[in-house]
């Protein structure tokens, strides 16, 4: 933390977090630019940059601006949204395992979206995902509430609710015809394939609204981390700011899930990586968001390049990276005796 | 709670009666309804009529599969709860079923294995690996394998294995088509050869489980005390682990990953007969197939002419119980 003064105005700047997130954002841009070059046709990087500047031919413009760019942008947006959502949840619960993918938020969004894909048509996915994740978040919160919410009870109730929700999802898959089932399960794995500008606008719009709200509440987050009693003494209205933060976190995860499916473990891993990287007790939301974006875009590049031509969904890669990380995280927490 | 050996044995007989009713219902209820007389005729005096064929070639294998899977899951759950002294243990929650599932999907999708005789071994291998990993991760650190640590390790492993499974199924449409019916957990795919191949394996698991009842009672006192009473703790753990792997692996190979039967039934048994595993194990062994068969019958009736798979019904019954258990435990433990 440094204090910066410009004339009469002064503000406190977290230098480590600022540097860390700038590096991560820069890396994200580099990886994003590289993913614009790969695909069925390889296009050299200078040509890509030239096309982005508006000097490309009609075909190049179509491939890069209309096809590849939205995919990368959706990846960046989705990664940011999941990671910020995860950071909010983890900090609220003071427990790294309380992330939207473990407590049933993503599962609720996924059930609603599969319902839309198989029954109502995919135009309704964002609205459905929002409703589904809100409902499941409320259900988990209410069921875990017993004169307060303990982090582990939240996670375990989340596992139980997820079990019910995912068996309903699996049932819907058996009812659908095989092609709808295929597209639904592709979607369930978390995928950026075939994402267009309309997807990019949805997640971009969500971030424009929700990200400033999240950053503005970051001060409340710091207070809430001190514990309810202290936070109440310092600021009052603890429940209100907590409810607001939960709503922002749920909405971020829901919109990201609506656009790309429940991309596994980004919300869990990115805030933890950010925390380690900036050597802070808690990670800034922006640093977490930057690492989330980097994680998703890089995983998508890996999925397309290394596993070509099968085109694995990006969620398979993030799960491969994230699940072992979760196990390590738990092993470490267990060793120092905080594992429950 | 039922006290006294005589009453408990009588209660066990009563449970057997419930199971018999469940078996009869499973044989007679479905898209076509049959009376007890039809069922008797089809079994005793097979005439080759359509009714007889439906009963003999569809309902009987399905019912036997339900019996085997139910027995296996009930015992596996009771064993896991005993060995880990963990009320939340269940082959579904702790990732054992997911391990078996991913191995079966791999065998079908990658290696092209089609017969149960071959892929039941894959299922057991997968169950073994998942069990060992979950237990090792969950047992690190102070307090050993606590309920929370094991459940979390199970969730992490299940998520990892689920993504491996989807990586396999997404690349192949026909594997996906088989997989989506299998993954919900259903008895409808059972056939005569499948159940005859699986029966001996379940029998081995039953023997192993029932022998362990006394040792599990001593293990419940804590490792040190059990050791001083002459129990060979490590041996009991390994034997119980083997039994769980055989039982849960075979059950998953027959019917897909069915959750929560192994969680719910031992709890019901424990609330009826107390903490004695010499009674919990046999009661679970009788109550679990009764629950599974009744759930299957309900699934055949509620959305007729379609069918609600048994795995969905058990999740709808069992997951609320899981949540209730989580709420009931004191906060200090969670």
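Keep in mind that glycine also has a Cβ here, set from the backbone N, Cα and C atoms.
Here TrEMBL flags B:59-80 (among others) as transmembrane segment.
Cβ atoms under 8 Å from those of the transmembrane segment (B:92-113) belong to residues 76, 80, 119, 122-131, 133-134, 150-151, 153-158, 161-162, 164-165, 168-169, 171-172, 175, 178-179, 182-183, 244-245, 248-249, 251-253, 256-260, 262-263, 322 of the same chain, restricted to positions at least 6 beyond its ends. Among the features that TrEMBL reports, transmembrane segment is placed at B:92-113 (among others).
Outside the transmembrane segment (B:119-138) by six or more residues, the chain places 84, 91, 94-104, 106-108, 113, 145-146, 149-150, 152-154, 156-157, 161, 197-198, 201, 241, 244-246, 248-250, 252-253 with a CB less than 8 A from a CB of the stretch. Among the features that TrEMBL reports, transmembrane segment is placed at B:119-138 (among others).
Annotation comment: TrEMBL describes B:150-170 (among others) as transmembrane segment.
Under the heading transmembrane segment, TrEMBL lists B:190-213 (among others). Tertiary proximity for the transmembrane segment (B:190-213) is limited to same-chain residues at least six positions away from its ends with a CB under 8 Å from its CB atoms, namely 57, 60-62, 64-66, 68, 71-72, 75-76, 78-79, 82, 116-117, 120, 236, 239-240, 242-243, 246-247, 250-251, 253-255, 276-282, 285.
The transmembrane segment annotation in TrEMBL covers B:234-260 (among others).
Among the features that TrEMBL reports, transmembrane segment is placed at B:280-303 (among others).
Residues annotated as transmembrane segment in TrEMBL: B:310-327 (among others).
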Original post:
Short question: which residues 6 or more past the ends of the transmembrane segment (B:280-303) have a Cβ under 8 Å from it?
Top reply: 11-12, 15-16, 18-19, 22-23, 25-26, 29-31, 62-63, 66-71, 73-75, 77-79, 82, 187, 206, 209-210, 212-213, 216, 258, 261-262, 264-266, 268-270, 272-273, 309-310, 312-314, 317
**OP:** Six or more residues out from either end of the transmembrane segment (B:59-80), which same-chain residues have a Cβ under 8 Å from its Cβ atoms?
**Re:** 23, 26-28, 30, 43, 86, 89-91, 94, 96, 187-188, 190-192, 194-195, 198-199, 202, 205-206, 209, 212, 216, 240, 243-244, 247-248, 250-251, 254-255, 258, 261-266, 269, 277, 280-281, 284-285, 287-293, 296, 310
